[in-house]
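Data first, discussion second: the structure below is written as structure tokens.
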Amino acid sequence: MTIVEIVDTHGGFKLVTDNITTQNPRLLLWVIGFITFFLSSVLDSLASTIVMISLLQKLVPLSEYQKILGGVVVIAANAGGAWSPIGAVTTTMLWINGQVSAVQTMKGLFLPSVISLVVPLVLMSLTSGVNGKEQRSLDVFASEPIAPRGQLVFSVSLGALIFVPVFRSLTGLPPYIGMLLGLGMLWIFVDAIHYGESERQKLKVPHALSRIDTQGALFFLGILLSVSSLEVAGILREIANYFDAHVPRCELIASAIGLISAVIDNVPLVAATMGMYDVSSFPQDSEFWQMIALCASTGGSILIIGSAAGVAFMGMEKVDFFWYLRKVSGFALAGYAAGIAAYLALHNLNIFQPTLAEVHFLSGS
């Protein structure tokens, strides 16, 4: 969160804006979708949504089309975060707790995540809301100039974020240590390039720390504490036993959890799932855990209240629940189903499954 704030104060995300030059509404739909998709694989889906919605408010005039693009951002942010261990909070939770590994998650979920975005984009490209005559004369606003050395800060920050899974793989230490190490290196770098520039204190890390969403971090902490209390009380184990007795296949359990995440925030659902099952029930990188990562993240796009990205979009664009239900939910549901179908097809064909050599390498033996 601090690294994202540092990039934002330096105007680093304007590098994205400056490269969006198309005035074709249909093409802009795809450009925004895929930029958000890959951005959310490095940032978390919430930060990516906030960044992209802020850019859209400067790029596109206030209109129905701007809101549709915002819906695309929510779908793309949740799809892009699903396949990356540092993307969606839910995938990060599974990675930190050892249910999935970085390499196999990226290999197994990348293509299904892309399909869960491409299907809604194809369907939305064919709708009158995107292709209507009123959208033909789309104006792209000029972006503000980037801050001094903003491009350099953006590159170093991106490297610090990508460094985290590499650090975890090389050392076996918890990911938060790699993230704090990256932040420390960025802190030294930013202080060095702004040394002696007293008028630019707002560009430095202490100012960024004062602006991060501490309440959001405490919210997730409260969720995890609440779920842990349910686990200690044995309630989650009873729910798991009920699923095992009445739901015959793990694919159905994962798909159902994804649908439930459209109504209930996906973070507590994944935390509860980790409390219900452990790696003795389903080993690391099994089909069940990978489907949980995919379904919990992409399922959160079906309703606007299902993910932090959707809630952020609702607040920033003043979009209500029923508008999203009418205009976006159907496309998100189609993408959700297509992503699951793609994963099951690839899994049944044994594509992207780890070889024996890869298993030994990933386990460190």
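Numbers run from 1 along the shown chain.
Glycine too: its Cβ is placed from the backbone N, Cα and C atoms.
According to TrEMBL, the protein has these features:
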{"type": "DOMAIN", "residues": "1-275", "note": "domain 'Citrate transporter-like'"}
{"type": "TRANSMEM", "residues": "27-56", "note": "transmembrane segment"}
{"type": "TRANSMEM", "residues": "68-89", "note": "transmembrane segment"}
{"type": "TRANSMEM", "residues": "109-131", "note": "transmembrane segment"}
{"type": "TRANSMEM", "residues": "152-170", "note": "transmembrane segment"}
{"type": "TRANSMEM", "residues": "176-196", "note": "transmembrane segment"}
{"type": "TRANSMEM", "residues": "217-236", "note": "transmembrane segment"}
{"type": "TRANSMEM", "residues": "256-279", "note": "transmembrane segment"}
{"type": "TRANSMEM", "residues": "291-316", "note": "transmembrane segment"}
{"type": "TRANSMEM", "residues": "328-346", "note": "transmembrane segment"}
Proximity of the transmembrane segment (109-131) to the transmembrane segment (291-316), 3+ C-beta pairs under 8 angstroms:
yes
Would you say the transmembrane segment (176-196) and the transmembrane segment (217-236) are touching, if the rule is that at least three C-beta pairs must lie under 8 angstroms and be 6 or more residues apart?
no
Test of understanding: applying the rule of at least three C-beta pairs under 8 Å (pairs 6 or more apart in sequence), is the transmembrane segment (68-89) touching the transmembrane segment (291-316)?
yes
Give the mean pLDDT for the domain 'Citrate transporter-like' (1-275) on the 0 to 100 scale.
81
Which sequence-distant residues neighbour the transmembrane segment (256-279)? Criterion: at least 6 residues beyond either end, Cβ under 8 Å.
88-90, 93-94, 97-99, 220, 223-224, 226-228, 230-231, 236-237, 239-240, 243, 247, 288, 292, 294-303, 305-308, 336, 340
Excluding the flanking five residues on each side, which residues at least 6 beyond the ends of the transmembrane segment (68-89) place their CB within less than 8 Å of a CB in that stretch?
28-29, 32-34, 36-46, 48-49, 52-53, 56, 60, 95, 100, 102, 105-106, 109-110, 112-114, 116-117, 120-121, 124, 129-130, 161-162, 164-165, 175, 220, 266-267, 293-294, 296-298, 300-301, 304, 307-310, 313, 316-317, 319, 324, 327-328, 331-332, 335, 339
